[in-house]
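Report on the structure given below.
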Amino acid sequence: MKLFLIRHAESEHNVAQVYAGVTDSALSNHGMLQIDRLAHHFAAHAQKNLVFTRVFCSDLARARLTAEGICAEQTAGALQPVIFPVLREKDFGYLEGKRWDTVETLGHTTMEQQQQQPESQASITLRVTTFVREHILPLLLQSQGGGPEEEIIAVVSHGITLRALWDVLEHLFHPQNVHLGHGIAAGTRIPSWSNTGYLELDIHPPTSPPAAAAGETVRPLEATVTGVSGLTILSHHALTIRTVNGRTHLSNLRRTPRVGSATHDAKQKRIDGFFKKKPL
C-alpha cells in the first residue's frame, strides 16, 4: 500500500493569516494553480504505475476541491473523492476568523469565548484514529490477502489533522520497521506540509521479523492523546517514508501580483473545466 497525505491548496484565510479551522474557506487563485500543478505531477507518474485507487478528503471546500483536481487528471477517469468530515481541520473555537499575530493580545476570554474553546488534541486524534481503523486498516489487510491491485491512496486534509494522522500511523509500526527512503536525511522533522505539499508513505512486508510478538497494542501516545483506544501494531508490515513535504510540482510557480492572492471566483470556471487534461 502507498499512502499520500496531502495538504489542501492555498485558501483565502491562508493569505490573510487568519485562523480558519472549520470555517469553509475559499481557495485563492494561486491555490487553484497549485492544484493544477499537483494534479499534473501525479498524472505524470502514472507511467510509473502511480495511479490512485482511492482519494479520501475532508468535507471542507479547500480540501475537497484539491481532491477533485487530483481525480480529474487520473487516467482512471471515473475516480471521485470520498468525503469524510472526520478529516476536517481543528476547530479553533472562538479563535476562528482571528489573525495569527493578534491572538496573544486578546487578554482574558469572555464567558462566550469560554464556551467556544478550541478543539483538543485528544479529540483530533480520536477522529483520525477512527478514520484509520475504519478505512485504512481494512484496505491494508485486504490487499495483504491477495487483492487484485495494490492500494494507492491519497488523503487530502489539513495541516494539524495531517500531523495527528501521521502520529497515529507511525504508532502502528515497530520502531525498527520505520525506515527513511533514499534522499530523506536522518533527523528530518516530520511532519511539515506546505499548501499541496505531501508526505509519501510505503507500507510493505518488513525486511526482518520484529522483536515483539504479533498482536501487541500500540505503545502509548503522548499525554495529549491519552484515552484514545489503542490499535494493534502491524507486526508483519514496515513503513518507509519516501517523500516529506513533497513540493517539486511547485517549482518556478510564481504568484501573479494582486490577482494571485485574490479569492478564486468559482463562477468564472467550473472545477472540471479548470483542470483540463494536458499532454504528459
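Glycine is treated like the rest: Cβ placed from N, Cα and C.
Positions annotated as active site, tele-phosphohistidine intermediate by TrEMBL: His8. In the three-state DSSP reading, His8 (active site, tele-phosphohistidine intermediate) counts as coil.
Annotation for Glu89 (active site, proton donor/acceptor): same-chain Cβ neighbours under 8 Å, separated by at least 6 residues, are Ala20, Gly21, Val22, Ser58, Leu60, Ser157, His158, Gly159, Ile160, Thr161. What TrEMBL lists as active site, proton donor/acceptor is Glu89.
In sequence order, Gly31, Ser58, Leu60, Arg62, Ala63, Leu65, Thr66, Val156, Ser157, His158, Asn195, Thr196 constitute the residues six or more apart from His8 (active site, tele-phosphohistidine intermediate) in its chain with CB-CB distances below 8 Å. Marked as substrate binding site by TrEMBL: Arg7, His8, Ala9, Glu10, Ser11, Glu12, His13, Asn14, Arg62.
In terms of local Cβ density within 10 Å, Arg62 ranks first among the binding-site residues Arg7, His13, Arg62. What surrounds the substrate site, by Cβ distance within 8 Å of the Cβ centroid and not counting Arg7, His8, Ala9, Glu10, Ser11, Glu12, His13, Asn14, Arg62, is the set Ser25, Leu27, Ser28, Gly31, Asn195 from the same chain.
Ala9 (substrate binding site) has a Cβ environment of 26 other Cβ atoms inside 10 Å.
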